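In Swiss-Prot this protein carries:
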| type | residues | note |
| --- | --- | --- |
| BINDING | D486, D492 | Mg(2+) binding site |
| COMPBIAS | 699-711 | compositional bias 'Low complexity' |
| DOMAIN | 553-612 | domain 'KH' |
| DOMAIN | 622-690 | domain 'S1 motif' |
| REGION | 691-711 | region 'Disordered' |
Amino acid sequence: MLNPIVRKFQYGQHTVTLETGMMARQATAAVMVSMDDTAVFVTVVGQKKAKPGQDFFPLTVNYQERTYAAGKIPGGFFRREGRPSEGETLIARLIDRPVRPLFPEGFVNEVQVIATVVSVNPQVNPDIVAMIGASAALSLSGIPFNGPIGAARVGYINDQYVLNPTQEELKSSKLDLVVAGTEAAVLMVESEAELLSEDQMLGAVVFGHEQQQIVIQNINDLVKEAGKPRWDWQPEAVNEALNARVAALAESRLSDAYRITDKQERYAQVDVIKSETIATLVAEDETLDANELGEILHAIEKNVVRSRVLAGEPRIDGREKDMIRGLDVRTGVLPRTHGSALFTRGETQALVTATLGTARDAQNIDELMGERTDSFLFHYNFPPYSVGETGMVGSPKRREIGHGRLAKRGVLAVMPTIDEFPYTVRVVSEITESNGSSSMASVCGASLALMDAGVPVKAAVAGIAMGLVKEGDNFVVLSDILGDEDHLGDMDFKVAGSRDGISALQMDIKIEGITKEIMQVALNQAKGARLHILGVMEQAINAPRGDISEFAPRIHTIKINPDKIKDVIGKGGSVIRALTEETGTTIEIEDDGTVKIAATDGDKAQHAIRRIEEITAEIEVGRIYNGKVTRIVDFGAFVAIGGGKEGLVHISQIADKRVEKVTDYLQMGQEVPVKVLEVDRQGRVRLSIKEATEQTPSAAAPEAPVAEQGE
């Protein structure tokens, strides 16, 4: 018999249900979590034994959305779900980031978390539900995991924090912040904001952490009722004698190496020290494991860097804790792009371009929550040469997708609306050098490139990465961290914004015990760094260019009667296709009659506008037009009068005398003046050549051909 164990609780305006014991009973743990009809099924499987020689923690998080959850059938030839979308990849990272630090050091058994969205309420985003499910499943599994964690989304509407706002509420929110943490401390923050202050952002983090305690309590209660026994896992005993021997050989040399400011030179020296130390020790004792020795050396490296920072000594590259690396800012570096910038901060460099396109270039995204169109695209590329390595080049990896999304969040708050600037904008950041915080360099470069392209951004934005070293109550916050400081420190804290406030905040914390005070210090220090960078950027370009690039399409907007849209499009799109070919422009028509004509040449755009105005012009009864005969029938002729419209000239209206045969007076393609006699209810037009000729004596009336005289 299936005996599900269920916990139900109120979480803000939503009801959350945790259920286990019903499905996937061969998995290490499985939980179905639902929040007001959005349901995510999360499983965890952990291997009891680690693979021989395993020297890292192989945690995999897969998040997958099934279209049946929204009552849809997938598109595409195969009619089934394929590779993860960008959105699914971002949510998988969102789950991974707060749970990864909670596994004990030295635990290298393979663990896989799979979250499957099986039902979706369009107003309730599945990401928070999936995070709660992953926390519950890991806590139930018995795997050594120092959780559970809670997760909350925080909005800011009418100067009030809102817990887990609906999709509709988020449209009017100045903040979209996701926070996850344990009972004692915050572990992860991901957010975008409309230039809120440091205090407002910190308040949101604290609010979200306080509110999610009910999630942690209910998961703990579920574990008491249905949890599996804790695995009897113990870290390997520390070999103090070996640690001391390695330290004696390498510590002072590593300390000297970490005073080398050039990254590549430092890495080369550290590699030499490590390989020589391992070779010496293995020569003394062949039973020693090179991987174990490598881990000891890494711990020594970490201690060298951290102890120096905590003692108030200069950092790896000689800077003080709040110093920013040297900046070099250039715009307009590529001649044919619409906008470009090269932003260099120390050994981190981003070549960023901005490209303008039409509404047709916008990305149509079909998500589980519904369809949407994105007219601001941000792509981040991290080639292997940026860190002096060789490697695969191809489709973007999870990290590139995540960094691109963070950089996009940083810029989004200052972008103009589609009504203010009717272009699709694509920003591409090519990381050409990397030694820490390439995503924040991308924010700075994007701001510069957008201004260079003439995009009317509301303000310049800059980003900075902060780090933390903490031992006991002693802590130091570092500004503009290097890659090594990120790797060896306790926190990665990225802040982007303008002079007026924060547009994006991302925080990943590797230890427990990060207090509100520490976050306050980090935010305030980040503000000073951000303002310094903005000052340097403003020396290069302090406002958007007055005009867009000569190579960018210029969009001209006109309005037509919505009833005339069908005339401009034509049967099967024939008229609009002919127009685009004739004028060399791109033409887009919206349902409300807004017509956007895009062209790199102003004359071509004006030609297209004139032609559209001709097509959509109302036919005036009594007006005389110049027409062209398009068709001849027994009872008259059809004459085109411009704008794709034609009318009938009845045989009685061709001449002021009796006409026996139409072809005696008119030929195909002949140009004739015509007067509009009537437009009936069905839009049919009655024309007269006879009356047009009478009113305009100078117009040549068609005459019957004179019969040839026989010789």
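Each Cβ is built from the backbone N, Cα and C atoms, and glycine gets one as well.
It is D492 that, of the binding-site residues D486, D492, has its Cβ surrounded by the most other Cβ atoms within 10 Å. Broken down with DSSP, the domain 'KH' (553-612) shows 32 helix, 16 strand, 12 coil. The average pLDDT for the domain 'KH' (553-612) in the predicted structure is 88.
According to DSSP, the secondary structure content of the domain 'S1 motif' (622-690) in residues is 8 helix, 33 strand, 28 coil.
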